[in-house]
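What follows is a set of notes on a single structure, which appears directly below.
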Amino acid sequence: MSDILAVAREQVLERGVGLDQDQTLQVLQLPDDRLDELLALAHEVRMAHCGPDVEVEGIISLKTGGCPEDCHFCSQSGLFASPVRSAWLDVPSLVEAAKQTAKTGATEFCIVAAVRGPDERLLAQVAAGIEAIRNEVDIQIACSLGMLTQDQVERLSAMGVHRYNHNLETARSFFTNVVTTHSWEERWETLQMVREAGMEVCCGGILGMGESLGQRAEFAANLAELDPHEVPLNFLNPRPGTPFGDLEVLPATEALKAVAAFRLALPRTMLRFAGGREITLGDLGAKQGILGGINAVIVGNYLTTLGRPAEADLQLLDDLQMPIKALNATL
């Protein structure tokens, strides 16, 4: 049998064809002593098909906690005994957060809400926030507001939402182990409506929730079929009070193999470091990931957990001579 990295070099690097599910599984099964070789190839693929620029994004929680869904990783579910309580952010606070995000050089600011889907109150707050931000801050605006109806998709598009995030979270075959209050297919339907409305699709998930390597490869194949503009990769940071609160953190070598494997499966997709990378990878792992396929980062804090200081990520990019993607390059 041909060596999978030799196959990937010819197929992905030279021809630009992503690995299929079986090939991705072979990459995930590589021994640790081939990790450096794997990361180097993933970096070559990223540079060849995406270029050196790194997109920087900040996120803010407009509505925190009190969500009716039972996503087992999430401390914002109202169904679990987690310490997170429901709270809303006002429009001036949204504008200030957007300003601080823009100061980092970020081109993307994502407004997030812990909901099954937006109601009229939330949509009105989002509309007011977007209008206020546009009047004061030069930055692209994304949203992550759960599952949408066709009317809501059209309204968000009319507001000028640049990109919409809705994560599939995990492989289709593993989804019912993670969420039971809605289906994988419902999420998929929202993503299709978003694309048809002309917004960029952002869709990723969380690694380390108990899925097998085969299901991790399946997830990469699911995403390749969806073909989103961006894939955020999160790593489970077990939250107290949630059903996944006692799971072990993913080993760093396993997480880095996944980063590289997803790059080889999705050679032209924006692959973003998201939540959990600090506890899973640490500072060294963050550097290895950016030199192993990653070409976008979330700076600052996440929704309910602390991230690396923005300055640390920006300094790392500077040290690695990775230019931050300019706003005019995204328009």
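Note: Cβ is positioned from N, Cα and C throughout, glycine not excepted.
Listed in Swiss-Prot for this protein:
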- Cys67, Cys71, Cys74: [4Fe-4S] cluster binding site (BINDING)
- Cys110, Cys143, Cys202, Arg272: [2Fe-2S] cluster binding site (BINDING)
- 52-277: domain 'Radical SAM core' (DOMAIN)
Neighbourhood of Cys143 ([2Fe-2S] cluster binding site) by C-beta distance under 8 A, where only residues 6 or more apart in the same chain count: Cys110, Ile111, Val112, Val126, Leu156, Val161, Arg163, Tyr164, Asn165
Coarse DSSP state, helix versus strand versus coil, of Cys143 ([2Fe-2S] cluster binding site): strand
All-chain count of other Cβ atoms within 10 Å of Cys202 ([2Fe-2S] cluster binding site): 27
Cys74 ([4Fe-4S] cluster binding site) versus Arg272 ([2Fe-2S] cluster binding site) - Cα distance in angstrom: 20
Environment of Cys110, Cys143, Cys202, Arg272, the listed [2Fe-2S] cluster site - residues of the same chain whose CB lies within 8 A of the CB centroid: Glu57, Ile59, Glu108, Ala142, Ser144, Arg163, Tyr164, Asn165, Glu230, Pro232
For Cys67 ([4Fe-4S] cluster binding site), the number of other Cβ atoms found within 10 Å of its own Cβ: 23
Cβ-based neighbourhood (8 Å from the centroid) of the [4Fe-4S] cluster site, residues Cys67, Cys71, Cys74 excluded: Glu69, Asp70, Phe73, Ser75, Gln76, Ser77, Ala114
For Cys71 ([4Fe-4S] cluster binding site), the number of other Cβ atoms found within 10 Å of its own Cβ: 24
